[in-house]
Structures are given as structure tokens and as C-alpha cells.
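According to TrEMBL:
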| type | residues | note |
| --- | --- | --- |
| DOMAIN | 116-297 | domain 'Malic enzyme N-terminal' |
| ACT_SITE | Y139 | active site, proton donor |
| BINDING | R192, N447, N491 | (S)-malate binding site |
| ACT_SITE | K210 | active site, proton acceptor |
| BINDING | E282, D283, D306 | divalent metal cation binding site |
| DOMAIN | 307-560 | domain 'Malic enzyme NAD-binding' |
Amino acid sequence: MESVLKGVRGGESVLDLSPRSTVGGGVEDIYGEDCATEDQLITPWTFSVASGCSLLRDPQYNKGLAFTEQERDAHYLRGLLPPTVSSQELQEKKLMNSIRQYEVPLQKYVAMMDLQERNERLFYKLLIDNVEELLPVVYTPTVGEACQKYGSIFRRPQGLYISLKEKGKILEVLKNWPERSVQVIVVTDGERILGLGDLGTQGMGIPVGKLALYTALGGVRPSSCLPVTIDVGTNNEKLLNDEFYIGLKQKRATGKEYYDLLHEFMSAVKQNYGEKVLVQFEDFANHNAFELLAKYGTTHLVFNDDIQGTASVVLAGVVAALKLIGGTLPDHKFLFLGAGEAGTGIAELIALEISKQTKEPIEESRKRIYLVDSKGLIVSSRKNSLQHFKKPWAHDHEPVATLLEAVKIIKPTVLVGTSGVGKTFTKEVIEAMTLNNKIPLILALSNPTSQSECTAEEAYTWSEGRAIFASGSPFDPVEYKGKVYYSGQSNNAYIFPGFGLGIIISGAIRVHDDMLLAASESLAKQVTDEHYAKGLTYPSLTDIRKISANIAANVAAKAYELGLATRLPRPENLVKYAESCMYSPLYRNYR
């Protein structure tokens, strides 16, 4: 990706550390909570010591019925709680029983969000201990429906809403956020939420969900996470006419007005939180996503999960799948359906890894990868009409109108779907892939489930059980001709939490492509023979915290190697250091 973005920046590289990046600011752990061990007593400071009703209403410190007798006396809680003292484990058991009673996923989502707003540590304990069950609830696919209905289910604001009304005073708005030690910001403008399109301000569900995973899966402290929605309007007529819509009721601002607002935001972020705050761009439309990554990649610590995180997790799955489909990465031919942020980002990282392995120029590596967009195969005769991020993929080839024709002519060994359009991997397409390959690798990555290019059942049935299949959203195991097939989930949650933790523990000040490759390499190495026996190309999500610690260590090591790390001296054992820095959701004892 860096090779493409450098062209947009006029040759400037991430490693150049542009002098334009020098801005004052920064934060520190004033109260020493980060340094406290698990068994040390801490003081529940807010603006004063929290007690009584204010303590029960503070999600960061509230423990509900788990307050001990001594704590109830010390913090004026007598009479405000029933006499029973419960353990956190009992609370967890009770809540999981309650959540499992709901049959509608959106009801489970609302229940989890209510818990997060009421008792933060219990929320994360539930999510960590039941990750495979609750991940689809707090993130894809349920979060997509939640965003569509966000205005109706909106109760208590989470994160910061920065609209065109705040132009000229964004720094003041950031100072309204109560937490000073912010390390990760996930920001969206709501224009391209999952495969659902423009949801405007209702896209806030995505930054909130992503940051919940940063904490649960990557161990980043919740108090250091800030969700942000930039509201520049929406072009969604349904929302503009919805009396319950919570955003600006106007058409989207574009051009100078849009980029001036984003620039003010990026400048204010660095001024308020310092050089080492990670800004993750999320669900921006293609044209803005690439522009923002190119513009701020050399001056800020920025990361786009749709472009870079997706690329890293898919590359890891492909590398792991080589044990099942055979050959080395350069031996394979790739065909993508979809040439937006995700498709071009994945393609570029695969090309980068091939180039690294073969020592050939990346331009040569790209020739093994073909992309199909809504107008057909991307070829050189279309170059003048292509967006800049598609141009590197315009190969010398005759025009091909459809995906099926492309599969038959190009004969790819790996088929990747990032189109955001469901049911596009038809029976004929899968059969053509199976005809060309003994073991085809099919990756249907679009979210939510309704937008997946094909289902697991379709992939296994149409390939007569020969395909290795992974998807963006989870699918249940499939039984075909007496055999049970398990599909992998190419979920960004495998990468971005550990990636963010690696950046934080190393004090990295820029994101470089080699750090993404380091994350992919670490994830691929954690797929075991037990997983391969089931046809899986990703490890189990139940081990996600261990996976994240290893990814963080690999990313941090690469940051030190590239000279982008500032936390010195370098820890001797980065894996152990990463684990020691991870947030624990266990209740703390109050003095």
C-alpha cells in the first residue's frame, strides 16, 4: 500500500517522518492506575472520590451487587443495594442466562450495550469469556442492523459527535471528553457502513463496537479508547425523512468543506492527545478513505482497518491455507470481485508479500492478481477512466465483462469477494473454480451475512466438498455427504486489536506496511494442525487474547526495527510485556 500512497503523496514515505508532524500536546497516567498490579488497592477517582449513587452510576467503577460489606460502608452504599453480596462470576452467569433468552440478535445487542453503560468491567468479562458467542452480537453481523436502527434504539450517547456545527471549535469539543489519556480513536463519517451504505451519524455503532473489541480482544484500556463520528450530513433519503434520525438533516458536504473539517479534526487530535494517539479511519467511502490515508500517513499515526486491517487478516488466511492447497504464495493466481478499499488493499498487501519472497519489483508481483469491478475486469484499456487506487491493477488483457468469464479465462486458484453484494459467487462461478483447481480457495468476505458473496453451504455443496472456505461473517458448520465442514472467519478482529496494542506498547509514531506483514505472519503461525484437520485457516477466537499478544509483540518488534518506536529501552520479552500491559476486566478492590 505504501508504494501506491507514496505516489499520491508525491514520493513522501512514512519513514521520512515529515517535519509537518510536529505538534505539541500529549497525556500521561496521572493517577498511576496503569502501573497498579491486580491486587493493589486503587482509588475510584472521578472529579472527586466516587461514592453513594454516583459510584453506582459510574460504569467504570460500578460493581453492582459485588461491592463487599467493607466497600458498602466506606463508600456510603448502605441501603442503596439489596443485602446480597454476589461474585463477579455469579453476575456473569446470571447475565449470560438472561442474554440467551433473547431470540432476536438486536435484543441481545441492546442488552450488551445497556450493560456496557452500567458496568464496564462486567461487560468486558462477559465478552472475553464468551467471545465466540458474543462477538457476532456486539460486532458483525448484528452491529449492521443496530446502525440501521440506531436512531430508534439510541439511549445514552457514546463517544463524540463532531458535526459541521462544531467547525472552528473541534479542539474545545475534544476537551469535553472526560478521559485525558486517549491512545486509540476510531473515527467514521458513516458514508459506507459495512455493506449497508450511507448511514450518516447512525454509523456510530461501528466505532463503539470496534473499540469494545480493542479492549476485550487486545487488552487496550477502555478509558483510553475514544469513538468519534464526523457528521457532514447524509445522502440517505430514508434517514433525511426519518423523524427519529439523530444526525444533521442535510446532504453530505464534499470537497473543501469536507476536507477542511477533517483537517481541523486531525490537527486537534494531535494537539490534544499528542504524537502517539492512533487514529483508525473506519467505513469511509473509497475516494475519501485513500485520500485521508495518503494525506495523514506521514504526519500522524493513522490506520485504516477496511484497507489495511482487512488486507492483513486475509493475507494471514491465504498464507495459512497454503498448507492445504499446496504451493508457495507466488505460485498462485488471485481473482478479486470488488475493487474498493478492501479489494485493492488486500491485493496490494499480497503483492507486497510476493515481492518480498521473490525479490522481484512489486509491479511484477501485481501481475499475478486480477480485479473485477462493476464494469468487468480491470484492464489497461480502461486506465483513463479508473480511480487512482485501481490503476495499478489495470493489466494488459482483453476486456472481460463478467466474473464467470474471468474465472474461466484467468483460471485463478484463489477467489476473493469484497464486493459488498450478496450471492455474486454463483453456482456456475464455484463450479468453474472447482473445474480449474483440485482444492479451490474461496473467500467470501463481504459483511454482514446478507451481503456475503456466497454461504458456506453453497461453497461446499457446489464444489462437492473440495473448497477451502472463509467468510467475513460467521457461518455454522455444514454437513455434506456425511462429512462436517468448518469454515474460517476472516474477521478483522483477529488483527486490529493486537495491531493496536503493538503500536501502543512500542510507542510507535507511524504505521508502515512491514508492520502489517508482521501481523499477518504472526496470525498465520498460530494456525495449528488441529485447525488444519478441520479445514480451518484461522485459529480459534477463544484464544484471541493470546493471539493478540503475539501479534502485538511481532508488530512492536517491527516498529523497533524500522526506527518508528519511541518506548525505550525495548522490553526484552515483547510477548510477556504485551500480556502484562493488557487490561483485565476483573473487579478491583476499593479502599
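Using the three backbone atoms N, Cα and C, a Cβ is placed for every residue, glycine included.
All annotation found in TrEMBL is predicted automatically rather than curated by experts.
If you take the Cα of the residue listed as 'active site, proton donor' and the Cα of N447 ((S)-malate binding site), they are about 11 angstrom apart, rounded to a whole number.
Sparsest Cβ environment among the recorded positions R192, K210 (other Cβ atoms counted within 10 Å): R192. Comparing the binding-site residues E282, D283, D306 on other C-beta atoms within 10 angstroms of each C-beta gives the minimum for D306.
Listed binding-site residues: N447, N491. The one with the lowest count of other Cβ atoms within 10 Å of its Cβ is N447. Spatial neighbours are here defined as Cα atoms within 10 angstroms of one another, and by that definition the neighbours of D283 (divalent metal cation binding site) among the recorded positions R192, K210, N447, N491 are R192. The shortest Cα-Cα distance between the residue listed as 'active site, proton acceptor' and any of the binding-site residues R192, E282, N447, N491 is the one to E282. Packing around Y139 (active site, proton donor) is summarised by its Cβ count: 26 other Cβ atoms lie within 10 angstroms of its Cβ, all protein chains included.
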